[in-house]
Amino acid sequence: MTRNWSFRVIFVSAMWCALLKFATLEAPKDDFEYDGGCPFVVLDNGTHVKPAGCSHLCNGAPETLDNIECYNVTEEVAKRMTPGIPYACWLGWCSKGECKRDNRTEVCYRGSEEE
């Protein structure tokens, strides 16, 4: 009988603790402004997108990317590409805001503005 009583006390205590924990949790506050900032221009290769270059100005301040694959194309050139037309783009790797070109190319596309 004592064993059954001990189990009930432990079970009720555990349930009470769980109830208190979940009853006091608040939803996290999301203070991030998703409409701010300046997104990088990206080009598509049919399965993935990569940034065109690794740096740009955002509200007068430089923004850079690091340690990510990129296309060795300036944002200005990428913006002038005709959407949906295949281009041969040099691949590179972002290092301190510069897209360091390697010896590979792949087909890339500029997406439409609606995407």
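Cβ coordinates come from backbone N, Cα and C, glycine included.
Lifted from Swiss-Prot, the feature list:
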- 1-25: signal peptide (SIGNAL)
- Cys38-Cys58: disulfide bond (DISULFID)
- Asn45: N-linked glycosylation site (CARBOHYD)
- Cys54-Cys94: disulfide bond (DISULFID)
- Cys70-Cys99: disulfide bond (DISULFID)
- Asn72: N-linked glycosylation site (CARBOHYD)
- Cys89-Cys108: disulfide bond (DISULFID)
- Asn103: N-linked glycosylation site (CARBOHYD)
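If you take the C-beta of Cys94 (disulfide bond) and look for same-chain residues 6 or more apart in sequence within under 8 angstroms, you find Pro51, Cys54, Thr64, Leu65, Asp66, Asn67, Ile68, Glu69, Cys70, Lys100.
For Cys89 (disulfide bond), applying a Cβ distance below 8 Å and a minimum sequence separation of six or more within one chain yields Leu43, Tyr71, Asn72, Val73, Thr105, Glu106, Val107, Cys108. Here Cys58 (disulfide bond) comes close to Gly37, Cys38: these same-chain residues lie at least six apart in sequence, with C-beta atoms under 8 angstroms from its C-beta.
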